[in-house]
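For reference, the structure discussed in these notes is given below.
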């Protein structure tokens with residue numbers, strides 16, 4: 001796995017690429033979601049946490065109107081130059097569309113960015129792993145601009161600009177969870193977020209003798225091109241059908257009883273399954289938060305398992321790779337629970353594992369996965385850390 005960078009190394013790399021010293025260095029985390037999957041755009045609750053894998057940045061303000069972007073993850077792209085006056089989506093500009101989108105919407109919101117800057121980026125979130133490398137980069141860009149141009153920016157506004165970039169610049173109809181988790185993250189805390197009201201609690205993540213193991217399928221998932229938007233559309237159509245008899249705006253307003261009672265209104269079996277997942281996953285997330293606060297990790301683990309079953313059978317976003325990881329994890333000693341995390345269709349799963357069984361767990365799950373899928377997965381221990389911040 002890619003290494004963590006010191007600020008010295010970051011500054012040295014910036015100097016090597018741009019020939020001048022960086023003004024400041026920054027870090028923006030990735031995220032895992034403990035439970036509450038595909039509920040954020042359905043007006044439900046989510047339970048994410050920022051992690052110590054993320055995106056490092058170094059920046060230097062320029063005297064002209066040119067933005068110069070460089071990513072150590074895409075060295076072959078070299079330095080990509082963009083005029084500050086021309087911030088539009090261009091496919092050939094690749095990863096830089098994320099920072100371009102953020103800067104565009106900051107300007108649109110009335111923030112003055114009157115000069116260009118040189119921007120060096122290095123991420124140690126595995127690409128396409130579903131740990132929110134794009135939201136990490138969005139928040140990183142916002143915090144860089146905030147400090148270089150002394151913008152008066154509420155963090156929540158920056159979170160919303162990240163989501164706006166994803167939806168209206170990149171073209172992915174994602175919810176607000178990723179940006180919120182990354183922008184508002186705190187050390188050793190998970191974020192219990194109501195995506196309808198944006199009310200949230202920072203919940204101490206006391207896992208006792210257990211750790212969260214991230215299991216990477218190493219199958220890339222492309223969110224923009226996936227069935228993600230299709231699932232969202234199915235849920236929106238289900239809401240329309242339910243509105244014939246119910247005064248609701250989102251599936252997150254319903255409970256288990258209501259979805260059973262009014263299921264006859266949803267005319268398509270697949271849409272009913274999608275709606276049932278959204279409603280029951282929200283209920284599971286409510287219960288999981290109570291269990292974690294009470295220190296009941298066994299119940300928390302069982303809810304994780306139930307979440308995966310629902311994502312596999314009702315929401316149908318898992319696939320061979322994720323199912324192989326999770327089903328194999330369930331069979332191992334010392335595992336309290338396991339589920340896919342993120343949008344699905346590849347990417348990562350997580351497991352709650354007793355510390356002293358982690359090595360045996362990785363060996364057994366890795367071996368079986370390779371036999372079934374044909375290549376090895378990767379494993380990381382999730383360290384829950386703070387949100388996007390200045391390093392020096």
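Keep in mind that glycine also has a Cβ here, set from the backbone N, Cα and C atoms.
Listed features, source Swiss-Prot:
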- 31: site 'Transition state stabilizer' (SITE)
- 37, 38, 39, 40, 228: substrate binding site (BINDING)
- 71, 128, 129, 130, 131, 132, 133, 134: ATP binding site (BINDING)
- 134, 166: Mg(2+) binding site (BINDING)
- 178: active site, proton acceptor (ACT_SITE)
Tertiary neighbours of residue 228 (substrate binding site) (same chain, Cβ under 8 Å, six or more apart): 172, 173, 174, 343, 345
Within 10 angstroms of residue 130 (ATP binding site), Cα basis - recorded positions out of 31, 39, 166: 31
ATP site span - longest C-alpha distance across 71, 128, 129, 130, 131, 132, 133, 134, in Å: 19
Recorded positions clustered about residue 132 (ATP binding site) [Cα within 10 Å; pool: 31, 166, 178]: 31, 178
Inter-residue Cα distance where the pair is residue 38 (substrate binding site) and residue 133 (ATP binding site), in Å: 18
Annotated substrate contacts 37, 38, 39, 40, 228, maximal Cα-Cα distance (Å, integer): 13
Inter-residue Cα distance where the pair is residue 131 (ATP binding site) and residue 37 (substrate binding site), in Å: 13
Residue 166 (Mg(2+) binding site) and residue 134 (ATP binding site), distance between Cα atoms, whole Å: 8
Chain-internal residues, separated by at least six, CB under 8 A from residue 38 (substrate binding site): 231, 277, 278, 281, 311, 315, 317, 343, 344
Top Cα neighbour of residue 178 (active site, proton acceptor) in the set of recorded positions 31, 39, 71, 128, 166: 31
Binding-site residues near residue 131 (ATP binding site), in sequence order, restricted to 39, 40, 166 and a 10 Å Cα cut-off: none
Cα distance (Å, whole number) from residue 40 (substrate binding site) to residue 129 (ATP binding site): 19
Spatial separation of residue 128 (ATP binding site) from residue 166 (Mg(2+) binding site) - C-alpha basis, Å: 15
Conformational class of residue 131 (ATP binding site) under the three-state DSSP mapping: coil
